[in-house]
Amino acid sequence: MKETIAQHLLDIEAVTLRPNDPFTWSSGIKSPIYCDNRLTMGYPHIRQSIAEGFEQLIRSHFPEVTVVAGTATAGIPHAAWVSDRLQAPMVYVRSKSKGHGKQNQIEGKLSSKDRVVIIEDLISTGGSVIQAADALREAGADVLGVVAIFTYGLEKGQDQLEAANLPSYVLTDYPTLLDVAIRRGDISEEELQKLQKWRENPSSQSWMNE
């Protein structure tokens, strides 16, 4: 499954590898990779593979789930498709409460008896997932963990998820993506070294001199 999903993401350029012309993230970090998993919505066969993968992960690791929660906005469509496959209720979680109406941060029906799995499109530093988990826990729900399409596997993200008591499982990951990309000829050996070096210390720009 990991290789298949990685191939899908590369095929539609949901993940773009550009070590010789790096992207600048909103945090200011220079990155050789950019991920926009929202593009998967436009490909029915790919989003079906993702939904099937999520269903397998949830049934395997979180069989006691009663509610599926999508993170706004990218996790919402995938949460809808997965909750349909599981025949489970769905909610979604905003990054912050609305400034009008009932000022809800969580949309949908949730009770203190619910056991929730969060659906995310990408795990980077883990901040958005933890924010969603905090909101769900404040509402009284038992947050079992998170499943995501892809992760950079950054040490900071892994540490923060562990500290927040959030087990996480992904459909594919950074090493798998690089393996697929080098085999397909999408990147050279020199570019592979830069990509590997970046993940060791994303806040440093030393990888650009590899």
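Placement of Cβ uses the backbone N, Cα and C atoms for every residue, glycine included.
Long-range Cβ neighbours of I123 (5-phospho-alpha-D-ribose 1-diphosphate binding site) (same chain, at least 6 residues apart, Cβ-Cβ under 8 Å): V129, V146, A148, F150, T151, Y152, G157, L161, S168, V170. The 5-phospho-alpha-D-ribose 1-diphosphate binding site annotation in Swiss-Prot covers R94, K98, H100, E120, D121, L122, I123, S124, T125, G126, G127, S128.
Annotation for S124 (orotate binding site): same-chain Cβ neighbours under 8 Å, separated by at least 6 residues, are T151, Y152, L154, G157. Swiss-Prot lists S124 with the feature orotate binding site, giving sequence analysis as the kind of evidence.
Long-range neighbours of R94 (5-phospho-alpha-D-ribose 1-diphosphate binding site) (same chain, six or more residues apart, CB within less than 8 Å of its CB): A72, N104, Q105, I106, E107. The binding-site residues considered are D121, T125, G127; of these, G127 has the fewest other C-beta atoms within 10 angstroms of its C-beta.
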